[in-house]
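Just below is one structure, and these are the notes that go with it.
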Ligand code: CP
């Protein structure tokens, strides 16, 4: 595997190998001496055309802890703000002799497009409403740490599915790992073509959060992406919370062993209450921590180690 553009690039064995290596990287992360020499002499550029806190920082930390040289280029503060195209930007950066590009872009398919212009390894760090494969890997890693093997585990992904790249990558990876996935959203935020998609990929979907809640091993709440809803968003915030928010009442209906995930950033009080975000079953900060280990593993497999 030269690039990681989609969770569909990963067979079950690939995914398990990356998750196993991530566990070893997590051990490194917990120790005082964190640096491994495996990417010494390699240069990675984080090319971010959209804002990010978790993904960009954790890729930077991951690369540095593997001893790579890591440079951040974002749209703000680069020649992108002067109108330079994606092609010219990618080729300019690549011409400096970089080994890897980690790309976040508002256009679905941009990282794949870049692989046709440059020789460097490319990782998709989130492209439009398409995919975010390293988020899915870190989510799977975090759930697996708490729940064990994900085969047969019941996972609901709830919220603004229409605008979510996280749901697409998670759905693919969780199905690859054998989890039983249900998507839940209000009708206005359910992707069009959901019936065909669900039949093809073998997952269920519905509009009633309360119906699925008592049977879950994990619930993943998604952010309502107001910035991608130019015409306003429906239902109203209050209706959304009543129908689809992880509220105090719903926490009572969630089994004690079940875990709560959210890729962040959260709209506290909209899709998730502070009670849910901060309670013992919440793995939200574990996800953030796993982001470093998982991205170390991905960079290692793509640039420095054995073929994944
Ligand atoms: N989950 C996620 O991609 O967060 P950032 O936008 O902060 O990177």
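Just so it is clear, glycine is given a Cβ too, placed from its N, Cα and C backbone atoms.
Binding of carbamoyl phosphate is attributed by TrEMBL to 54, 55, 132, 135, 264, 265, and the same site annotation extends, among 87, 104, 175, 228, to 104. In sequence order, 108, 126, 127, 128, 129, 130, 131, 132, 135 are the residues near residue 165 (L-aspartate binding site), counting only same-chain partners six or more apart with C-beta under 8 A. Take the CB of residue 54 (carbamoyl phosphate binding site) and look out to 10 A: across all protein chains shown you find 16 other CB atoms. Mean pLDDT for the domain 'Aspartate/ornithine carbamoyltransferase carbamoyl-P binding' (2-145) in this predicted model: 96. Under 6 Å, Cβ to nearest atom of ligand 1: this is the test, and of the binding-site residues 54, 55, 82, 104, 165, 264 it is passed by 54, 55, 264. Looking at residue 265 (carbamoyl phosphate binding site) and residue 223 (L-aspartate binding site), their Cα atoms lie 7 Å from each other.
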